[in-house]
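Q: Supplied in structure tokens, the structure appears directly below.
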Amino acid sequence: MTQDVIFVALMFAAFAAGLFAGFPVAFVLGGVGVLFALLGDLLPMLGIKVLAGSNFIAFASDRIFGTLSNYSLVPMAMFVFMGLMLERSGVADRLLVAMGRMMRRLPGGLGLAVVAIGLVLAASTGIIGASVVLLATVALPVLRRANYSMPLGLGTVAASGCLGILVPPSIMLIVMGDQLRLSVGDLFMAAILPGALLAFLYAVYIVVLCAIRPELAPPQKVDPDEDTASAVLDLVRALVPPVLLMTAVLGSIFLGIASPTEASGVGALGATLLAAADRQLTWQTLKDVSYGTGKTTAFLFALIFGASCFSVVLRGYGGDEVIEGAIQGLPLPPQAVLGVVLLVVFLLGFVLDWMEIVLIIAPLTVPVVVSLGFDPLWVAVLIAICLQTSFLTPPVGMALFYVKSSAPPDVTTLQIYRGIVPFVLLQLLGLLLVWLIPDIALKLPSLSY
């Protein structure tokens, strides 16, 4: 075992020890990075040569400053603000009522409404935890009153809420674009069709299942005297504002009118105006949303701070060469190597949050995979789908805990597990389709050039 391998193994062992000891991830990353940076500056005095020489502290401080002053990370705060403001404006409640009225004639109509709302919320907020909790809070009581099967309802809510990790303007895609040196706009475009594909697979499953087993989602009573035009008008009123906001934000990016940073400002202002139009904008609301934005953004930047320190020190010890050599040394064809990387990402998603994986694992593995001839946008989307799948997979998928925390007290963890398994299989089917048909991810970015 070479010296480089030993130091890299020690860094990851120290990171794992700190994590399982219960320390905050940001502090573990930063602490391990600083500790090994100091060690790296001392080793040459002991006659032990390392790749970065004796400049670890200087390299780490320069990298941290460069990362935190990166203009492309500004949209995170604005999109967080936009999502929290939309959450306060009551968009989800109005959408569920309006879509439920329009879709109740279909098998599993309320379930379809939940999927549609999850897609709209994902494209409007980009914050996965907020999407899952908001959807669970709004939809579960309605599904229960409609006598829906609880496992089916819980699985639908969890899966639909998790679309926020993939559908633009996902915060994860912004961070991934920064770390992998990819255009955030191109990454947004690459994720649109895969996100829509997953939502379509969810919808088809719900319709087919409820057509075969209608007792899982009893048909809703339809008043023959009900004014259809009124129902359509309610749907338009509920759907148009968030769709217009989504179109303004993403459309301005895709058409080259605005950068993601500028578009995020448009989104934050638009969400505020929507809340004002709905008479939900008060000083208390503005205070709460601003506080939530600051808290969430500080958490994200603390992780970026720690991960930047950790990763630059890891590279100083030759970590990127060690990982590159390990991947390229696998006696496997390129497609199988990609499969191994995706499997590792999927498994790590059980024990690490997406932020740590995107900040540490992706920058070390994706360049090596891309060197095998794969398109970086396609690989990034596959990784995003893997992370979304691990976020849903029992027994430790984070989305399941979000749903449990927002569900009525009598809902059991076993019910959530039973409900989510079919959606995990649909996720894997979606991943396979994007793998076999790369144009699902690459078609829209190719049209922009």
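The backbone N, Cα and C atoms fix where each Cβ goes, glycine too.
Remember, TrEMBL labels are computer predictions, not curated facts.
Keep in mind it's a predicted model, so treat the numbers as computed, not measured.
Pasting the relevant annotations from TrEMBL:
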DOMAIN    12-439  domain 'TRAP C4-dicarboxylate transport system permease DctM subunit'
TRANSMEM  6-39  transmembrane segment
TRANSMEM  46-65  transmembrane segment
TRANSMEM  71-89  transmembrane segment
TRANSMEM  110-140  transmembrane segment
TRANSMEM  152-175  transmembrane segment
TRANSMEM  187-208  transmembrane segment
TRANSMEM  243-276  transmembrane segment
TRANSMEM  297-317  transmembrane segment
TRANSMEM  337-370  transmembrane segment
TRANSMEM  377-403  transmembrane segment
TRANSMEM  415-437  transmembrane segment
Q: Do you know the mean pLDDT across the domain 'TRAP C4-dicarboxylate transport system permease DctM subunit' (12-439)?
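A: Its mean pLDDT is 82.
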Q: Can we call the transmembrane segment (6-39) and the transmembrane segment (187-208) in contact, meaning three or more C-beta pairs below 8 angstroms at a sequence separation of 6+?
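A: As far as Cβ distances go (cut-off 8 Å, pairs 6 or more apart), the transmembrane segment (6-39) and the transmembrane segment (187-208) do not touch.
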Q: Going through 152-175, 187-208, 377-403, 415-437 one by one, which has the most CB pairs that fall under 8 Å from the transmembrane segment (243-276)?
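A: Answer is 152-175, with the largest number of Cβ pairs below 8 Å.
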Q: Do at least three CB pairs under 8 A connect the transmembrane segment (71-89) and the transmembrane segment (187-208), leaving out pairs fewer than 6 apart in sequence?
A: no
Q: Any contact between the transmembrane segment (377-403) and the transmembrane segment (71-89), i.e. 3 or more CB pairs below 8 Å with pairs at least 6 residues apart?
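A: No, the transmembrane segment (377-403) does not contact the transmembrane segment (71-89).
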Q: May I ask which of the stretches 71-89, 152-175, 337-370 has the most CB pairs under 8 A with the transmembrane segment (415-437)?
A: 152-175
Q: Against which stretches of its own chain does the transmembrane segment (71-89) lie, if we need a Cβ under 8 Å and a gap of at least six residues from its ends?
A: 121, 124-127, 130-131, 134, 169, 171, 174-175, 177-178, 184, 242, 245, 249, 260-261, 263-265, 267-268, 270-272, 274-275, 278, 280, 285, 288-290, 292-293, 296-297, 300-301, 304
